[in-house]
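Marked as GTP binding site by Swiss-Prot: Asp18, His19, Gly20, Lys21, Ser22, Thr23, Asn135, Lys136, Ile137, Asp138. The domain 'tr-type G' annotation in Swiss-Prot covers 6-188.
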Amino acid sequence: MAQASQCIRNFSIIAHIDHGKSTLADRLIEYTGALSKREMEAQVLDNMDLERERGITIKLQTVRLQYPAKDGQTYELNLIDTPGHVDFTYEVSRSLAACEGALLIVDAAQGIEAQTLANVYLALENNLEIIPVINKIDLPSAEPERVKQEIEDVIGLDASEAILASAKTGIGIEDILEAVVAKVPPPQGDDNTPLKALIFDSYFDAYKGAISYVRVMEGRVAKGTQIKMMSSGKVFDVTEVGMFTPALRIVDEIKAGQVGYIAASIKNVRDTQVGDTITDAENAALYPLPGYRKATPMVFCGLYPVDSSDYGRLKDALEKLHLNDSSLVFEPETSSALGFGYRCGFLGLLHMDVIQERLEREYDLNLITTAPSVVYKVNKTDGEVLSIDNPSNLPKVDEIETIEEPIVKANIMVPSDFVGAIMELNQEKRGNFLNMDYLSANRVTLHYELPLSEIVYDYFDQLKSRTKGYASLDYELAGYKAASLVKLDVLLNGELVDALSFIVHKEKSYARGRRLVEKLRGIIPRQMFEVPIQAVIGQKVVARETVKAMRKDVLAKCYGGDISRKRKLLEKQKEGKKRMKQVGSVEIPQDAFMAVLKIDD
């Protein structure tokens, strides 16, 4: 093994959202002088405006720091920043696989949260050296001793040497860097064996093609090397290799233990899947690195342009986003109510939200979104098994044997005062209680099995509002379970509006149908004729409301006179309205499609 790799340390930062991860990364960059004071800005590793505004990390970033340690050596520290949100767990697991150590950041006031725990388990699975850091100790409400105790009780790490720091004021930054040098082991690996490099991220550059962020585990890679992707077998010629400072800097080669990027004129990000192994095309490794899997979308929804002439622009925008985000899937679909659009699949709700916001903001599109749905497995009577992500594609009732829905295993951390409120919420959401653990006298973790379809609507908002914002949630897919599910359709003036259909549990179908038609009655504007709104399951109408017609007072000119004269005028008006109703079409406002999401409000 090359002596040089003894001076390399690869580490990442893991934390719950808002515990100060990006700010700490800023301080480390500033302290080691990777960027000058002039180039520094808040959250320097968060490139998107959206990331800065929401204060979240979506795409993971990487930076190489040169640190002259107290022992006289200069070390190369590769910091791999990870997203903190549950939707991006797979990205976190891949970036942790590229490291030997991790800084565990815990907020001195809030203590351990659900996502902290989930990411710690990922780090332990990858056998990383974990260094606990208690951040925000400058806050008046900081309780470092309590948090130390929590780290020991909940995670089982020795917190006696936990570093007390404040990323905001710069306290403890040198201690953190020294701890990384002292505790994180140097990378193992031989420069002279066949190349094995783990892709932990990729993005698309208009000039260089898809660029892979890699951690070289074995061997070396330089410009001109022929590389092969082990999952697809595709071969490319390397045009450039380099490091991150955080900007890309070209170097001659990157070798075992180092983190860098590879550009090889790859036309499509789909060819550089996160978690895949790159090897030398001529002198190939026998086995890929473990842990690769394709990202599977969990939540689907329809995206339609408000102005149908924007369909082409929407297609271009989705394709451009897909270049940078291979977990986004989309295919064209048509709706009788909304025209042409796309059915899109996302990793989770935040992912869906972020993509929609980027489409509207970066590509200036005005979109209508249909209610999100999950992938159901339908076992038909003839033995065929279908995966349905769009309620409109559900087969007829008499062809269905059973419908299975995706189930998630949720861990909810709350102060013990709110346990009752959370149990009540989970009961409403058809949750199945597994067990609960007391982390301390006043903090509890509840373990539940919940249907994913109940989480995708407003579960997170409800969770926060019922616990005054104190609850934190982490979930993972736990398979499928058969359930009594039905498709609820909406008829407007006798016409089916496919974009308003959704799949719902039978027990809740009547109540939801009732609430939906009431909501739609308030949203759909009055027409010149009466508009019935019906919620139907199969052939059966379960709820109905009517939008009353606007009518002219045809009796205004009759002062007194014969009743039969008045009746004749009213009958004539009624006949006219009837004819209008047969040919009239109802304009559906955009709010109507959002009403499905907000039925429970």
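Positions of Cβ are set from backbone N, Cα and C atoms, glycine also.
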Ser22, Asn135: which of these binding-site residues has the sparsest Cβ neighbourhood within 10 Å? Ser22
Could you tally the C-beta atoms, other than its own, that fall within 10 angstroms of the C-beta of Gly20 (GTP binding site)? 23
Same chain, 6+ residues apart, C-beta under 8 Å of the C-beta of Ile137 (GTP binding site), given in sequence order: Ala108, Pro144, Leu164, Ala165, Ser166, Ile171, Gly172
Mapped DSSP class for Asn135 (GTP binding site), helix or strand or coil: strand
